[in-house]
Every structure is written in structure tokens, then in C-alpha cells.
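Notes for the one structure printed next.
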Amino acid sequence: MSPEGKEMRYRISDIARELQVSPQEVLHFVKEAGGKVASTSSMVKGPMRDLILDQFSDEKKLVDETRKIREEKQLRLSRLEEQSRKTYEKEQQLKDTISGRPERAAAKPRTEVPSESVEPEPVKEMPETVAEPEVTGVVSEPDENVAAVAEEVKSPVEETSETVAEKNDVEGQVSYEVPQKIGGLTVFGTLDVQSSLGMGGEADKKKQRKKRFKEQADELKDEFDIKAKEGGKEREAGGESRKPVKKGSEETKKTTVESTSAKKKKGKKKKKPEVDEKTIEKNIRSTISGMDDTSGSGSSRQKFRKMRKIEREKELEEAEAIKEAERSIIRVTEFATAHELADLMGILPKEIIQHCFTMGKFVTINQRLDKETIELVAMEFGFDAEFVSEVEATEVTEIEDEEEELEIRPPVVTIMGHVDHGKTSLLDYIRSSNVVAGESGGITQHIGAYEVSLDGDRKITFLDTPGHEAFTAMRARGAQVTDIVILVVSADDSVMPQTVEAINHSKAAGVPIVVAINKIDKPDANPEKIKTQLSEAGVLVEDWGGEYQCQEISAKQGTGIDALMEKVLTEAEIRELKANFSEDVPSRGIIVEAELDKGKGVVSTVLVQRGFLKVGDPFVAGHTMGKVRALMDERGKRIREAGPSQPVSVLGFEDLPQSGDLFTVMPSDREAREIAQKRQIIRREHEFRRSTRVKLDSIARQIKEGLMKELSVILKADTDGSIQALADGLMKIHNDEVKVQIIHQGVGQITETDVLLAAASDAIIIGFRVRPNVNAKRLAEKEDLDVRFYSVIYHVIEDIEQALEGMLSPELHEESIGSLEIRQVFKVPKIGNVAGCYMLEGKIFRDSKVRLLRDGVQIYDGVLDSLKRFKDDVKEVDAGYECGLNLKGYSDIKVGDIVEGYRIVEKKRKL
């Protein structure tokens, strides 16, 4: 089901946290409202959540108001930050202006000078006067008019238009326009007096510039503060705009001088903050470098470095967040003890016991806790519980192999595709043996693992998976252990559902696909159509510009098989498949298939993935352990050891493992037994709790009997993979009225225990490629039990479907059989009204159900009380004849009414 189709569910504790109320209050309300919940970690649906929000509406309103206030506060803070940022940018612009023109920016006079004419000083005193950083002169004549220059230097009223323009750039508030001709002088530009006189060298200039930096920064900071305050006052007063100053106005000049001097006096009264000279120089250098690098390769490199730095910081933050989240997650099995849970959380067991006591549960240090209790305890101590299987919890840790220890290994290739598309026939030709002859119905029903040697000492391990839809789990397991998938599609058929499923399994496991279009020797073969359908399924072959290799083959004639093998080996070389071939490392593998042999015991097919598996190695696999008694290849020949990518049959298991379990060699029998026992204890606890719940559920079903019918089944098969495929296929067959209930499933022959269980639970026994022993057969005949034997899996599914359809209530259909018209009404004493009718169509029977229609409206529905022709009682009347009848319990009949006869027909339902 898609996520859109699922109904949203909410945890009670999360709802309580959202409303900021006690979870117990919410739990109490849900129980009163009729909700079936056990604890505060239980889930409720959307309607119940809406009911909770309505009940706690006052609390929700308070929470919403608090959230709104918090958001408004955050908005105000963000606005203040934005305002501070803009203020900082203005300061930076002022500093940039200074760094670009330090001597012009220093042209503002610092003292108020009277407007009277001042006598010019001698020329020899000029260096001392001009040495101040505020002085910039304006001259229009050569050096002999130095007196006039000195006069203009001391008079701020007679500043030139260029000097005023510089001041406008700095202040950004008032635009000044000063007459160009003052005192009879013509202004052409500004001139640095010291440079014009040729006094002082480059070293003196640098020293003077450094001395002036601090004073300039102080002045600019004071002026900026004054301007900002004045601008704020003006905005408060109504934001009146300043009028431009007219040319030639003496009042304007006086006002300008007075306002400038007043601002400077006001600025002097305020204590200047001390600014570090190194900070100023650093800011100026960074600003200048930024202005210089606004374009070109340097700017792009700088941006790239900055982006890389931001990305690294972001990656570090994400990694830290992931580590923090992982630290707060504990991986625990479902029925862990209080002591084990305390060890995982790093606390004392007594703290868990105390917390359970406050919850109303009395536990001991070795008592096993259920899932809900573990979640609540972990949440209380700030952890999130992630439940894992008992195998994952006791997983054996291994040291990772070094790169120099790895060697090239043969690829593991899985052949996938739809039923009867030629997967096993392809493997037949490669192995030069007839595998199909050994399979019932000509279809593969096990995962077969085979090793094939090609030219040049090259080897490939093949896994042949079933193509029938019941073997979805098998195909998924095959995709997990494989390196390359050969997708077989018949050229005379099309891309079928199992073909698409195989593609999805391969893509989900990240396994490359090599397409083999089979049966090209047939006359109706159409490989191009197959390629088109594959492209629609997301597999675009290389011939069409895609990335998937494709080869047209004929598995019967051998056409294109060698080219297909070359493409598989090429794909393997690209992937650089490696494994550790050292004999010192403990071996590891995957159990592909497991079965119970009458003479050998438990036999499992293991695909070795690391190291060499030898006879005598102790191992653990899933819930069982053992010691390797014998190793055999796929042809039954005994071998001494098996290396990576080699399939091998292993004897020596104490119990039957499950397909897909991890096979790990242990240092000793004792360690292997300890791990297996831990897993068995957890599994037994899980099965015990589950069986208890099943019994309670069955009691509830007995109370509601009649709502659901069940077909109880006991499954016995030859291999674990077949059991899983059968169980998956049968559990899919159900509807709202009937379903299959698997009482027991196992590998091996049918025993007396199975027969007794079937007799007690009224179940049928299904044997898939297994037979009962003598005692079980005799007992089954005595108990008159239904025992069925099959060798093809879809025959089992078809028979179970038919059995379930027989348990369904039939559909009832109404079938019209005839209609009569009332043409006369007779009143008969002690009987009532009798209708004289004419049979319009069909037939009417004495026991027929009838309805009375008047003007097309039904006014009676019942049965006939009598049916006569003339004075004789009859069983039926055909069309075209007249008859008399009266209705049982009804006498209000009139001329012109229609009597319609019908019967109820039962129709068999389908699943």
C-alpha cells in the first residue's frame, strides 16, 4: 500500500508533549472515550487525535499563544540583527572610502576659525602648519602665492567644491553647494601643499598616514553616531526633508559653518572609544583586497575556497549530529532483561526497577521486559529504542580485511526471470547436464548453487532461482548474495510481472544486470519488442544507448552463450570482486538452502564469502550451531575445503537453519554454543509471548464467531526455502470472510505428532515432496484426516483457493420466472379474495415466491396460498393459460394488479 493510502497514527505521548499536559491525563481520556490503548506509547488514529485536541482545547490555545509570542520575539530579534548588519555595512563603506582617499578624507578642519581675514604667515613656517592631517589647500596660482594658500587653508568657509563633495560622500546627509569664486580666486582643483613644495619623502608620508588612521577612524565613528542620532530625531519629528542650499547665500555659508562647528563640539564632548590600530589596518587591507579581487580568476578561486570551507563545516556539523543521534539510540532485542537494558543505557539496574515500580510494574533484575515497557523506560532516560532480532543482537564482530590481503575471486551470478523463459535450460547448457529433468513440473523450486569452470581457469558460481510468483522471498535472497544478475527474457513472449520483480530486486540490492534474450531460434521471436518493453521497465540496453549489456541467445542450440559469458566476466572485472583467501582468518558464508535428509541429517548449501571452510570447523548459523562433519560439492563429491565464491553442502548442523542465515566459523565449540543458546533463549521467549497472544486472540474470535472463517493447515516440506514460499503464497489468499491459518510448519517427513496436532485443531496436512512414516499414515487413516501430497507449488495454491471459495457464503441472486395479470376478483367465504389471472409470460409454480405490483409499486411480497385451474389444484401454470390464486395473509387485491413470480438462486463466490 502506498503511503497515501495509510491512515496516519499518532503516539499518545507525542500528543501530550504537543499539548504540554501529562501523558497519563491523555491516556485516561482516551480510555474513557472508548479507545483500546494500553499505555502512553500506544498509537491512536486521526479521529481520536482530533477528539483529544477538542478535549484539551484550552491547553492547546495556551500552547499556540506561547508559540506565537515566541515567533514574534524571534521576528523582532531577526529585525534587530538585520538593522545591526546594515549599520555595520555603512561603517564598512565609510572605512572603504577612507582607505581609497586617505588624504582627501582628512581635509575637514577640526577647529572653528573666525571669518575675518588672517595675515599670511611666512613660507618657511609652512611645513609645520601643513603637517597636520586635516589641512588641504586650494590654490590657483604658482608657488609665489603661498600666502593666499595659507589663508584658504585656515578658512573652512572658503572650501572648494571638490572638498565639499568629498565631505558629502562621507556624511551622506547634506549636499553643500559653495560658490567657486571666493575672495577673487578661481578654483581649478585641490593640491597637496606638502607634495607641491617637494617636502618630505615616502617614508615620512607612510609614518604620517599611520598616525592619521586612528584619528580618522575616531572622527568617522563620532560623526556616524551623531548623524545616526540626528537622523533618528528627524524621523521622529515627522521626517521633514531638507531644502537645498541656494548659491551665493551668505546666510547659508554661516549656517554651514555654525552647524559644522556645533557638530564637532558636540562630538568632542563625547568620550571617544579607543580603537586598536591593528584592527583598523586589518579591516582596511581586507576591504582593499576585496575591491581589487572583484573580478578575474582570483575572485572565483576565493569564492570556491569559501564555498568549500562552508561545505566542510556543514559536513562536520551533520556528522556530529549523526553521532549524537546514534549515541541516543540503543539497539535491543524485544524481550531483554532489566540488567541487559541497564548495560546498554549505561545506568544501574536498580534505576530501571525503580522506574518500573513508579509505572506500576514489579520487575526483577533478570526479568524480561516487553516491547512497550522497554520503549517507555528508554524514553524516560533519554534514549530511543531500536529493536533488532536476536541474531543481530548477538552478531559476531569481525576484523575488516586489509586491501593487500584481498585477491580476485570468481563472480557469483544469479539467473532470474519469469516462469518457462529458459533460466534452467541456460544453466543446463552451461553445465552440460540436464537439471530440468530433476524438477517437478519442469519448473525450478529450489535455489540451486553451481560452480562452472570456463576456459583459462576462470570460474563462475551460478545461483538458479525459481521464477514462479510464490518464490519472491527466494529471489530476494538470491539478489542479496549475488554479484551479477543474468535477466532471462523469452523473445517469443514479453516482459512479465516476475521479470519486473527481478529487476526491482536487483536494483534494490545494487547489483548490475546483464540481459539475455532467449529463444531467438523460434519463428515468432521478436528481440526488438523485448528491448522496448525492458526500456519501459527501466532497463535500457547498450544497443539503445543505455548502460545494461544485452545478448541474444538460444539456450537449446547454444547460440550466443560464449558471448554472454564474456560479458559476465567483463562486468566482473569492472567491479573488481575480491575476497580474503587466507587460511588464518575465520571463514564466513551465507546459507542459501537447507533440507533434512533421511540418512545424512541436516544438509545446508552454504556460499562461502571469506576464508576457507574446512572439515572440523565449529560454526554458528542463526539459532543453531554445529561442527563441519563433511563438505560436498553440487554433484555430491566430498571435498576437504571450500574457498570464497564456492558453493558447498555442509553436514554437521544440530538443528535446521533458515535460508539467508549468516554462517560464521567460531574459534571453539564453547563460544559457538554460547551464542546459539543466547539466540535460542530470546527466540523461545518471543514464541511463548506470541503463542499467549494467539490464544487470547482466539478467545476473542470465539466470542465474535461467525465473522471470520479459517482454514487450518499444517505444512511439511523438503527444504526450508519451499516452506517459506508455501507459507508466503498461502497467507496471501484471504478476504474479509475466510483466511488460511498455518498451525505448524516444518521440514522433513510427516510424523505422528503432526497427525495428532491436525486432529486436535481440525486441520488438513499438506506434504510438499515429503511422505508420512508408517505410524503417521496409520494414525491419519484412523482419525480420518485429510492428508494431501504435492510436488508442484502452484497446485497447492490452486487447491487451497478452491477450498476457501467453498467456505465462502454463496451470493444470492433473484431470478424472475413469470408474471400474471389479475383480471377479476372473487370473494370466497372463509378464504377471502381470490384473483382470476391470465399468465402473461414464463411459468408460475405452487411454491414460488411472488410480489404484488400496483401501478409499478410493490405492495406485497410473500408466497402463494393456493394455485388452481378451474376447480383443480395444480403445481404450475404455463404462459397463455388462465388460473386462480390467492396470496397468503393478504386479500387487498384489485383488477389490473400484476403478480410477479421469482426464485432465489445461489451463486458460488470467488476469492
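Every residue gets a Cβ built from N, Cα and C, even glycine.
According to Swiss-Prot, the feature region 'G1' maps to residues 417-424, out of the candidate ranges 417-424, 809-816.
As annotated in Swiss-Prot, region 'G3' covers the listed stretch 464-467 rather than the other ranges in 32-35, 400-403, 464-467.
Per Swiss-Prot, the range carrying the annotation region 'G4' out of 518-521, 530-533, 678-681 is 518-521. Swiss-Prot lists region 'G2' at one of the ranges 442-446, 582-586, 702-706, namely 442-446. Summarised as a single figure, the pLDDT of the region 'G4' (518-521) averages 89. In the shown protein chains, 26 other C-beta atoms lie within 10 A of the C-beta of Gly417 (GTP binding site). There are 16 other CB atoms within 10 A of the CB of Asp420 (GTP binding site), with all protein chains counted.
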